[in-house]
């Protein structure tokens, strides 16, 4: 061992102890006759003292040659510091160095290894191994480990068994694109990397494992939007002989456990709202409920006058923004421009200021009197000093637009507090969603989700209205997990594939093994999967997942540090029976 | 929830309780007026009683329709059993059933769901979900989970941080073949699946993570020998600021912890032997030391007479087989044939019986007298009643042959007891090994392993003699883990690539990022990796890993259950910029 202690553990109780430390030079403060060097490792920082009067001359001179990030080993005595640093666990002491070895020199790093670095995103990704030395990244990785350990402990204590499912599986053209792996031993054939272990965990239920979980990498070859990764980690779970209620209780328990153990926060029973309620009230199936601004539907009090825009709209809907009644004309115009951007897509926005004296001033005073506006205020819950913003148009689009505005305003008003946690369940998701392009229905969750028995009859007549036994857990405006009760009999599964447009042959070729399995005694079962990357980021009070992943890829799916993907040898291609198709 | 209790937990203390159970029908014993059904789940078996006199008639009749593996839910009362079964935790009670629901019918399974099944390997793999219902497989998976949890707990308590490293990395033509993944977004380029997270864990050390571990899937596209899998799981570890001794101590501690917690076995400090000693004494770098039969080198006492075979040999070496002195001529001939098989490759074998009266009878009495044979006995440690077997020829080949014989005889003699555990360390491995075909040296461990400083000078003159700071943990004749102290400076790493035949350009293209990293303050570091599949199999007292993997592949790398790999769509190929190359 190159050290007797780490750089974070020495304090006044160690004074006069001889110690050996090893670590990185954080910085030096050379006053000529006296030279302080901060030595850093994962555990902390300890101040080293090189004193012309008290240190060996060679060591004293060598210390002057140390650059940032040099790796050194020192021996010395723990002494009391004159100028104590109360912000540092080791701030009462320093090490009077008697011996030193430079274990490895270092080039000057391309960015500073400080909590607030001068390095931009690209350079930090290229030198990710240096970025990891910085506390924000290092602590995020340690935090992730702690969360994963607590997840495993909690589930294992409940008799869940972690089972490793295979990574080399079969491609299915459903859902997102698969990453595939050419097989050398099976010419012309390919494995696929799993988008999730869905069918395997269901087979484990058929196999009687009863309670399964796995923290597992999954893969999706998608065009990467910001803050998505082609490989991501799921907490994947499945249980047999359960109903929806059982699953919600177990994973609500897990989340409550994490909030308590990791964040020291006690949370009440999670609210449960339906998908329909979420869409009507927040315009969104993953609402952030840390703040109000719930939607008020205004058709009744907006379509009785001569304002043609509202009269022509399917939906007129508003929100009350707390304390925004004093927004200037310029601020308001800025917001109107914001909702009219193509990313949001509103064609305009109406506003009504709620004056402190209980009167209103709106952009449509020509059409609406104070009574009308008073009704708007009542329905949106606006109080004196608030501002009501109203959008109108086709119901779904308008809700989405108002949801975007609601989130934007909450962010601007500082209502999305990272250390406040408001989890909830959204239940009763639709089974199917209409793909407007193809006019076909797709499974909203996946093809293995069971419809609610009481809605089965609607499958033939109004497929869009069939509700599923499907649920999402939402935390602070993010979907952190979702799941469903599965189909567990062959006939229903066949029917589902039929409604999803599979021919019988396609269904058999792709999922025959699962339907076969259902014939040999499949128990009722269901489960869910949490996105671990997102979960740890939110628990860590961050909006972006990148610092919680040791070696993330950029938006082109590249690892810029190792420079992957890359070309491979012709011999390798030949062995795999493939050629590059340059077109 | 479909049940109030599971099928393994009810006992006499629950008598008169109303319960609901769910599970699979293991079997029925229908006596006409009374019908017993064993209900099984992951946790156990509970006997159900259907009694014409006491059960509802519908339920009684329905019970007669139940087939094996039907999934049912029953309600009933726990009653005392008349004929108790002391071998079953639930053997004191049975359930007098009052209500029953058939949750799912089952076709007759293609093999019996019993500890000893009538199903062959192939059919069990195709219906793996049924195989998992059998105790031997189910318990192996539960056991694996328990081992993995203990590993994580032990390492985490020692401040190791589990960090997830990427699965989509870069192909390197070194070592075994990579599985590759064509990139859609980067035309003509490929990711590779990791053979191990080797370079990433080293970068984590450069990044100051200090103590890393990960239980992680790794991939090798090898022609599959028996009991190898293309995807396998490693316990991967790395530590900074350590010497070999530190690593051996930590992972000896881990292994001792597992043996104690999982098997209840206390093990002494592990023996440490050098690679050279292992080869000389056992002919093998992963010796099974649960039994003796150590090699005795007999050149001195075999090459002083006129036996030309021995006189011409580089090495004459023997073992004493305990209690084998009474082997018949036929048994001996059988063993001689066994060592002459091409898989072993000996050209013949000499034997010497150690009679109970202290005399000897050998197949070479013509050349050797009783004194000579007495020396052989002394050197091989043979006692009266034992048999000495002697092979001769080129040293390395002969050792390998005798090692094969030693293991075969130990198996036949029942000396390889699955519930006896004899771990050891083999240290001081050679840095390089000569590839006889190409005449080039390869890294025995991998190119990042550090040579022993005192042997560095030999690199130019006798590269085969350079020893590495490399070590294996061996358990019961299996290498369960191996590792090394790594090179941590650019100059040595460059030198190593040069000796391994890399041009400067090749080294830079493939491992430039690592050598760059070494320039920014890399600490001394080292680590190791355990094979989890093998480790759990051995701890579980088994020789084969297959039952400890939920969904293994066959020897052609196929998953016969889901029928993967498989052809993919032309559209998919096109998007990935590749074509099938049928030649």
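Quick reminder: no glycine exception, Cβ is built from N, Cα and C everywhere.
Predicted automatically and left uncurated, TrEMBL annotations should be read as such.
Here TrEMBL has B:220, B:221, B:222, B:229, B:531, B:532, B:533, B:534 binding ATP, and the candidate from B:164, B:479, B:575 in that same listed site is B:479. Per TrEMBL, the listed range annotated as region 'Aspartate' is B:198-201 (candidates: B:190-193, B:194-197, B:198-201). The highest number of surrounding Cβ atoms within 10 Å, among the binding-site residues B:220, B:486, B:534, is found at B:486.
Each residue of the region 'Aspartate' (B:198-201) gets a DSSP state, and the totals for helix, strand and coil are 4 helix, 0 strand, 0 coil. DSSP assigns residue B:532 (ATP binding site) to a helix.
Separating the Cα atoms of residue B:220 (L-aspartate binding site) and residue B:532 (ATP binding site) is a whole-number distance of 15 Å. Annotation for residue B:445 (L-aspartate binding site): same-chain Cβ neighbours under 8 Å, separated by at least 6 residues, are B:429, B:431, B:468, B:470, B:482, B:483, B:484. In sequence order, B:176, B:177, B:228, B:230 are the residues near residue B:222 (ATP binding site), counting only same-chain partners six or more apart with C-beta under 8 A. A simple way to gauge crowding: the CB of residue B:532 (ATP binding site) has 26 other CB atoms within 10 angstroms, across all the protein chains here. Each residue in the domain 'Aminoacyl-transfer RNA synthetases class-II family profile' (B:144-552) has a pLDDT score, and their mean in this model is 95. A distance of 25 Å separates the Cα atom of residue B:534 (ATP binding site) from that of residue B:486 (L-aspartate binding site).
In the three-state DSSP scheme, residue B:479 (ATP binding site) is classed as strand. Taking Cβ-Cβ distances under 8 Å and a sequence gap of 6 or more within the same chain, the neighbours of residue B:479 (ATP binding site) are B:285, B:286, B:472, B:473, B:531. Taking CA atoms as the reference points, residue B:532 (ATP binding site) and residue B:486 (L-aspartate binding site) are 22 Å apart.
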